[in-house]
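J.: I grabbed these lines from Swiss-Prot:
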type	residues	note
BINDING	H117, H121, H127	Zn(2+) binding site
Amino acid sequence: MSNSISVSFNDEPPGSIDPVRVENFISEVLKDLNLKNWDISLLFCDDAFIQNLNKQYRDIDSPTDVLSFEQGDEYFDEAGETRFMAGDIVISLDSLSFNAEEFNVDINEELKRLIVHGILHLNGMDHSDNSPEQEMLKFQEELLMQYKNMEIYRV
């Protein structure tokens, strides 16, 4: 059985993001992490939307680039196969653009970074701050090297 990946947009999707490319990227990351039978969703939104979520669930009244909502529930599908409801990732397109400019990186690279970051959180990894010495962030950057040539954002 394979992973189930859903990509959606809070507003009209920008032409620069191809949901199929994003789904393929997520599928590759899950495969490389040996995560099977996962159900995962990714929602693209704006800063206002993610700020509301950040305030509601983390009591932080400001936008952020990515949020992960881990569900962690196992269930059986119609065929009796065990599946894992991993959870949801929310990415702000406003913060994506800001980060790419602020950190002087390609927007495609930053999008992959935010997606991988969300997946690692859904897989139980965490970090106490954003310093590059954090184990999760080191692992994230090592993992991203594998996808250096994979384009998911059309410029």
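For all residues, glycine too, the Cβ spot is worked out from N, Cα and C.
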J.: Same chain, not part of H117, H121, H127: whose C-beta falls within 8 angstroms of the C-beta centre of the Zn(2+) site? Give them in sequence order.
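T.: Going along the sequence, the neighbours appear as V66, S68, G118, L120, M125, D126, M136, L137, Q140.
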J.: Determine, from DSSP, whether H127 (Zn(2+) binding site) sits in helix, strand or coil.
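T.: Going by the DSSP assignment, H127 (Zn(2+) binding site) belongs to neither helix nor strand, so it counts as coil.
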J.: Quiz question: given the binding-site residues H117, H127, which has the greatest number of C-beta atoms lying within 10 angstroms of its own C-beta?
T.: H117
J.: Take the Cβ of H121 (Zn(2+) binding site) and count every other Cβ within 10 Å, whichever protein chain it belongs to.
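T.: Neighbour count, Cβ to Cβ under the 10 Å cut-off: 20.
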